[in-house]
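I'd like to ask you about the structure that follows.
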Amino acid sequence: MTDEVGYLKAQLEEKEKDIVALKNKLAHLEKSNASVLELYEKVTPLTPLKAKASLSNEDIMRYSRQLLLPELGVQGQLNLSKTSVLVVGCGGLGCPLAQYLAAAGIGRLGLLDYDEVELSNLHRQVLHGEENQDQAKALSAANAIKRLNSTVECIPYHLQLSSENALQLIQQYDIVADCSDNVPTRYLVNDACVLSGKPLVSASALRMEGQLTVYNYHGGPCYRCLYPVPPPSETVTNCSDGGVLGVVPGIMGCFQALEVLKIASGQGSSCGQQLVMFDAQDARFRSIKLRPKQAGCAVCGENPSVTRLVDYEAFCGSAATDKCRKLNLLSRDQRITVQDYKSIMDTAEPHLLLDVRPLVEVDICHLPTSLNIPLSSLEYRKSEHIQLLQESISQLKQQMEGDCRPPVYVICKMGNDSQKAVQVMEKMSGSEVDSITVKDISGGLMAWAKRIDPTFPQY
Amino acid sequence: MAAPVAIHLEFGGGAELLFNGVKDHHVTLPSQPDPWDVKQLLVWIQQNLLKERPELFVQGDSVRPGILVLINDADWELMGELEYQLQDQDNVVFISTLHGG
């Protein structure tokens with residue numbers, strides 16, 4: 001009997017402990033849930049940002065080191081707190097930009113990105129961490145900003161900026177920062193800023209270079225004044241093809257933050273009719289005086305032909321993303337799959353595997369038997385490389401019996417350059433390359449890594 | 001006869017990749033009956049520096065869209081574009097616009 005009473009008391013005590021633990025856990029979760037940011041999937045009207053009458057003691061302490069600057073002062077700080085900024089793109093430029101704007105006490109930040117965080121973003125998109133992979137970039141950035149300065153109002157937009165939503169969105173903000181990564185979005189943001197009368201602080205970066213200009217500001221030129229015609233899509237290189245050193249967009253994003261802060265605080269930007277070029281290799285900044293606003297500009301000129309937003313992907317002939325597009329240059333019988341190539345390898349069928357990527361990519365990873373001749377060397381008919389190709393083909397011919405056309409399989413990263421290489425080689429004359437059968441491996445090494453060899457690196 | 005003109009050409013923003021990755025070119029344009037202008041310079045560049053794929057650099061008698069030309073640190077639009085007459089020691093930059101971020 002006493003045993004049972006003691007046992008029940010002990011049980012009860014244990015359950016009570018459990019209840020306390022559960023209550024604590026619930027309270028903790030409820031508290032953190034209250035500060036969880038809501039992700040916006042569409043554009044909705046925002047309440048107007050209220051101007052502060054004065055700085056609180058906490059504001060004074062927090063911003064003291066910049067309040068001491070006569071260029072900013074109390075009025076400048078108050079101006080920052082009533083300014084809203086839309087950041088288009090939470091990537092290599094947008095992350096440091098948003099970070100410094102929040103740290104400086106900007107009033108409201110709209111953080112827009114349609115994409116999710118990937119491992120290959122982390123070297124430059126410094127607001128996102130390893131644990132944020134697959135999360136919406138807008139949300140990941142907003143959470144990081146909230147940790148830095150909880151007094152900044154953050155609005156994460158997980159959506160693609162489009163002709164349908166851009167005006168409604170941009171009209172609600174005071175300043176727009178273009179941190180996007182593609183040509184159609186740059187024209188879209190420009191036109192929306194011109195049509196709604198907002199200054200556009202625009203930067204871009206690639207490889208080891210950056211550029212910055214403030215458009216549509218104090219009567220200065222807009223993006224279209226400078227670039228009335230979009231570049232041919234084949235001349236545009238994105239970060240996933242051309243590469244970028246993370247700190248380069250970092251520097252340019254910080255520069256954008258500087259110009260936004262100068263405009264927001266009331267000092268004004270001096271980049272309204274200026275192009276700032278940054279060369280990271282030579283550690284050199286250069287400022288170039290640009291043309292004034294153009295009377296004949298299609299959107300900000302005297303008789304504009306663009307009076308509402310248009311189809312920017314059609315205008316630019318490219319998609320509003322920096323993802324690689326898949327080319328289809330060859331017929332089906334000119335291509336093989338990675339599975340086909342695997343069986344060619346397994347049956348040890350004599351062939352030549354030609355890797356047409358640049359050397360810097362071959363150094364990252366390659367298949368062991370491949371011969372590397374970059375596409376550009378084939379296109380420019382570089383003699384030492386053509387000779388190397390000829391030698392490899394004649395060796396292959398010796399291995400094969402009878403008079404046949406030795407098979408050459410061309411591979412690259414994604415299966416675009418390999419198709420171009422097949423076309424180049426088919427145009428080569430008999431004196432350059434003997435009769436061969438040349439095909440490309442569809443999907444390239446990334447398809448090989450996905451479907452055949454999961455241990456092969458992806459980049 | 002106009003005397004030869006020594007100028008400094010620079011390519012950037014990726015445009016240097018059409019010139020073997022070389023950004024800086026110090027060149028001397030030979031003596032010719034009329035003074036050199038930018039239009040003639042573009043032809044000279046095509047014939048002497050740019051051996052392949054001219055469509056990535058020029059379109060018609062001007063540069064292709066997306067390349068900004070700067071003469072002595074100013075937008076060429078302020079200088080007369082194709083008609084600008086080159087002076088000895090001029091600095092001409094061809095910069096491809098970047099779009100990445």
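Yeah, the Cβs are placed from backbone N, Cα and C, and that goes for glycine too.
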Starting from the ATP binding annotation in TrEMBL that includes A:D113, A:S120, A:N121, A:L122, A:H123, A:R124, A:K137, A:D181, A:N182, which of A:G76, A:G92, A:G210 is the extra site residue?
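Looking at A:G76, A:G92, A:G210, the one TrEMBL places in the ATP site next to A:D113, A:S120, A:N121, A:L122, A:H123, A:R124, A:K137, A:D181, A:N182 is A:G92.
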Could you tell me which of the ranges A:5-32, A:257-284, A:285-312 is annotated in TrEMBL as coiled coil?
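When A:5-32, A:257-284, A:285-312 are checked in TrEMBL, coiled coil belongs to A:5-32.
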Taking only the Cα atoms, work out how far A:C297 (Zn(2+) binding site) lies from A:C316 (disulfide bond), in Å, as a whole number.
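So the Cα of A:C316 (disulfide bond) lies 17 Å away from that of A:C297 (Zn(2+) binding site).
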Taking residues 6+ outside the coiled coil (A:5-32), which of them lie with a CB under 8 Å of any CB in it?
none
Whole-number Å only: compute the distance from the Cα of A:C300 (Zn(2+) binding site) to the Cα of A:C316 (disulfide bond).
19
Can you tell which of A:C222, A:C225, A:C297, A:C300 has the least company, meaning the fewest other C-beta atoms within 10 angstroms of its C-beta, among these binding-site residues?
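Counting other Cβ atoms within 10 Å of each of the binding-site residues A:C222, A:C225, A:C297, A:C300, the minimum falls on A:C297.
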Only counting partners 6 or more residues apart, tell me which same-chain residues put their Cβ under 8 Å from the Cβ of A:C324 (disulfide bond).
A:N238, A:S240, A:D241, A:M414, A:N416
Please report the Cα separation of A:C222 (Zn(2+) binding site) and A:C412 (active site, cysteine persulfide intermediate) in Å, rounded to an integer.
39
Pop the Cα-Cα gap between A:C316 (disulfide bond) and A:C225 (Zn(2+) binding site) into the table, whole Å please.
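If we compare the Cα positions of A:C225 (Zn(2+) binding site) and A:C316 (disulfide bond), the gap is 16 Å.
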Limited to the domain 'Rhodanese' (A:347-457), I'd like the whole-number average of pLDDT.
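Residues in the domain 'Rhodanese' (A:347-457) carry a mean pLDDT of 91 in this prediction.
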